[in-house]
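Peer 1: I'd like to ask some things about the structure below.
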Amino acid sequence: MKLNKIITTAGLSLGLLLPSIATATPTTFVHLFEWNWQDVAQECEQYLGPKGYAAVQVSPPNEHITGSQWWTRYQPVSYELQSRGGNRAQFIDMVNRCSAAGVDIYVDTLINHMAAGSGTGTAGNSFGNKSFPIYSPQDFHESCTINNSDYGNDRYRVQNCELVGLADLDTASNYVQNTIAAYINDLQAIGVKGFRFDASKHVAASDIQSLMAKVNGSPVVFQEVIDQGGEAVGASEYLSTGLVTEFKYSTELGNTFRNGSLAWLSNFGEGWGFMPSSSAVVFVDNHDNQRGHGGAGNVITFEDGRLYDLANVFMLAYPYGYPKVMSSYDFHGDTDAGGPNVPVHNNGNLECFASNWKCEHRWSYIAGGVDFRNNTADNWAVTNWWDNTNNQISFGRGSSGHMAINKEDSTLTATVQTDMASGQYCNVLKGELSADAKSCSGEVITVNSDGTINLNIGAWDAMAIHKNAKLNTSSASSTESDWQRTVIFINAQTQSGQDMFIRGGIDHAYANANLGRNCQTSNFECAMPIRHNNLKNVTTSPWKANDNYLDWYGIENGQSSEAEGSATDWTTNVWPAGWGAEKTVNTDGFGVTPLNIWGEHYWMLDVDMDCSKAVNGWFELKAFIKNGQGWETAIAQDNAPYTSTNHMAQCGKINKFEFNNSGVVIRSF
C-alpha cells in the first residue's frame, strides 16, 4: 500500500488540501443529493464557497439505468459521464466553477457492482447477462444471494454474493481494479478531489488497498461501511485505506436526541466506542438511513424540524470526525422517489425549504454551525462542559468559541464559564456579523469581564459564538434602524382551508447590481426586518412566531413548518348579520378592521418594519395561497421605482394590491 494515500480528518481540520475563499478553514462537506451539475456549480459560487463549506458530495456521475427513482444512479452501466445529473461537459464545468469558489467535489463511486437485469443506460449503451461496455461475465463473481443472517456470520457471502441482486464485480481481479482506477484517475484529471466508495463492506479491504495502489495522487477517500456492531465485516478493517463512515454516530446521536439525555454526550465519540476521530466521517442522517434503510435506526431527519437543527448544531460544534451535512428533497413518504422535477436554481427563484428541495445546508442553524466549526478548528477539544443532568448543555472550544443547546420545554437560565474574551458576540446560529463588525443581524450574546455568560435560551433553542463573530463596539453602527408600521392588503377570493402568505424584500439581482448587497450569500442583506402586530388570530399566530423577516426564502428557523412565508389574516370592511357574531381584527385577529375600506377577502399583513432596509422607502413582495392558487404570476406595476416582476410597496404606508394584478393603491395612516 502507498502510505501517502491516507488522508485523515486531522489533516482536513487543519486545512490541508482544502482551498477556501471563506474567512476560516473549511471543515465540513455537504451532500447535495440528486442535484444536477448546473445547480451544484451555481450553489458553489453563490453560497457554499462564501459560507465556508469544504466540499460537495455529488451523486454518481456515470452512466446508469434509466428510470426516475433515486436508486437508478446506483446501478452503473458504464463509466461514461452521462447521467441524470448532466453530461461530461457539464460535469467538467461544475468541477471548475466549484474549484474557483474554493469548494472541492467528492464523487459517489460504485466499486462493488454493476446494474442488475438488462436494458439501455442513460448514455445509450446496452447491457444484460453481466455484459457491459467495460465488463464481461468473467469479471463478476458467481451469482448468489446475500441473506440477512450472512451479515453477522458469513464474510464470504457478504463480499462475494450479490447485494440486492446487483451484478457483483470480482474486485480482486487485476482487470477490474485497473478499470475502476482508470475511471477514478479520469475524474481526478478533471479536478475531482475526493471519492465516496459506496458499499465498501461488500469489497474486501485488501481489494480496496490494491485498487488504491493504482490510483494517482492522494485523493480524499471515505468508505461506506455499515457496522453497528456484531458484523462479520467490521469498519476497523478499512481504516488503513482511507476515512470510514461511522454509522454508530448517526444512530446513537438519534437515540440520544430522541429518547435520552444530552448530558450523556460529554464524551461522545471514542468514549462511546466509536472509531478514532481522525478516521471517521460522521452525519446526522444520510440519503439511505433517512429512508429507513442502509444502517437506519432512530435517525433524525429534516422532517423532525427543530430537533434536526439541534442535532446538527451538536455535530458541528463537537470536535469529532469529519462532518457531512445532508441536503435532501421532500420525498413525501415515497422512499423510491427521485428528485423534484424543478431545478434548485429555477430562473432566479430558489426552490428551497418548501415541498421540493429542502436545502438543509442553508438552514441558519446548520450554516451557522458550519461557521462555528470552521472558526474553532484550532481548538480541537471540549472545555468548560456544563449540563443540568438532562437536556440542557453548554461547552466551549477553548478561547475560540462557546455554544449551548436547550432541548427542554422551559428556558435555560444559567451562568456558565468560558475561555473567551469579554465582549459582545453574534450568535451565528441566528444572525451574521456585518462587514464592519459593528452590528449583528440576529441575537447578540455577551461574555462578561470574568469570562462567564449569563445564558437565557428559550425552549428548544441554541446559541453559538466564536472569536471571529465579536462585535466592534467602539463606535455606533453607521445605519440607524427606522421602524415604522407597515400594512399590506392583498385581495384574493379563497376557500375554507386556504391561507395567504407573503414573501418579499429586495430583488437579489437589483440589490447586487445597484446597492452593493450580496443577497445570494446572505439573505439578510435583502430581507426586511419585521415585528408582527396582530397575534390574536389563533390560526395564524403560531405561524408568525419566529418570523422576523419578510424575505424570499419562506420558513425561518424556529418558524412553524406549516408556514410558507409571512402569514396574513383575512379581513373585511363589514360583517353581515347572516355571518353570525361579528369578528374583528382587534378582538379575534381577523374580520372587520377600519384599515380595510375596500371590502371582503382582503388579506392583511400588519407589521412594524425597519424601513432603513428599503430602497428609497420601497420594497417588493409576492403572495402565495396555500392549498389554493399557489404563487402569483409576474407583476408589471405602473410607476414602480425600478423594474421588477413583483408588487412594489412603500414602507410605513398602507399598501393595497389585488392577487395576480398589477394595480396598487398606497395611502398614509
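Cβ atoms are placed via backbone N, Cα and C, with glycine included.
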Peer 1: Can you match one of R157, R196, R397 to the chloride site that Swiss-Prot gives for N286, K324?
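Peer 2: It is R196, as the record lists it for that site.
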Peer 1: W71, T72, R73, Y74, Q75, H113, R196, K201, H202, D288, H293 show up in Swiss-Prot as binding substrate; which entry in E43, E45, E142, E231 does that record put in the same site?
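Peer 2: So, going by the record in Swiss-Prot, that would be E231.
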Peer 1: Among D104, D168, which residue does Swiss-Prot annotate as binding Ca(2+) at the site that also has N112, Q159, H202?
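Peer 2: According to Swiss-Prot, the candidate sharing the Ca(2+) site with N112, Q159, H202 is D168.
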Peer 1: Of the listed cysteines C44, C144, which one does Swiss-Prot record as disulfide-linked to C98?
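Peer 2: Its disulfide partner, as Swiss-Prot records it, is C44.
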Peer 1: C161 has a disulfide partner in Swiss-Prot; which of C144, C352 is it?
Peer 2: C144
Peer 1: Specify the secondary structure state of C144 (disulfide bond) as given by DSSP, simplified to three classes.
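Peer 2: Going by the DSSP assignment, C144 (disulfide bond) belongs to neither helix nor strand, so it counts as coil.
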Peer 1: Do me a favour and check the Cα-Cα span between C352 (disulfide bond) and H202 (Ca(2+) binding site); whole Å is fine.
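Peer 2: Each residue's Cα considered, C352 (disulfide bond) and H202 (Ca(2+) binding site) end up 35 Å apart.
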Peer 1: Have a look at the disulfide-bonded residues C98, C161, C426 and say which one has the shortest Cα distance to N112 (Ca(2+) binding site).
Peer 2: C161
Peer 1: Please report how many Å separate the Cα atom of E224 (active site, proton donor) from that of C359 (disulfide bond), as a whole number.
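Peer 2: About 23 Å separates the two Cα atoms.
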Peer 1: At 10 angstroms around each C-beta, which of the disulfide-bonded residues C44, C161, C359 has the fewest other C-beta atoms nearby?
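Peer 2: Among the disulfide-bonded residues C44, C161, C359, the lowest count of other Cβ atoms within 10 Å belongs to C161.
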Peer 1: Where does Q159 (Ca(2+) binding site) sit by DSSP, helix, strand or coil?
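Peer 2: In three-state terms, Q159 (Ca(2+) binding site) counts as helix.
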Peer 1: What does the structure give for the C-alpha distance between D198 (active site, nucleophile) and C440 (disulfide bond)? Integer Å is fine.
Peer 2: 42
Peer 1: Which residues of the same chain, at least 6 positions away in sequence, have a Cβ lying under 8 Å from the Cβ of D168 (Ca(2+) binding site)?
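Peer 2: Those within reach of D168 (Ca(2+) binding site), by Cβ under 8 Å and sequence separation of 6 or more, are N112, H113, F140, H141, S143, N160, C161, E162, H202.
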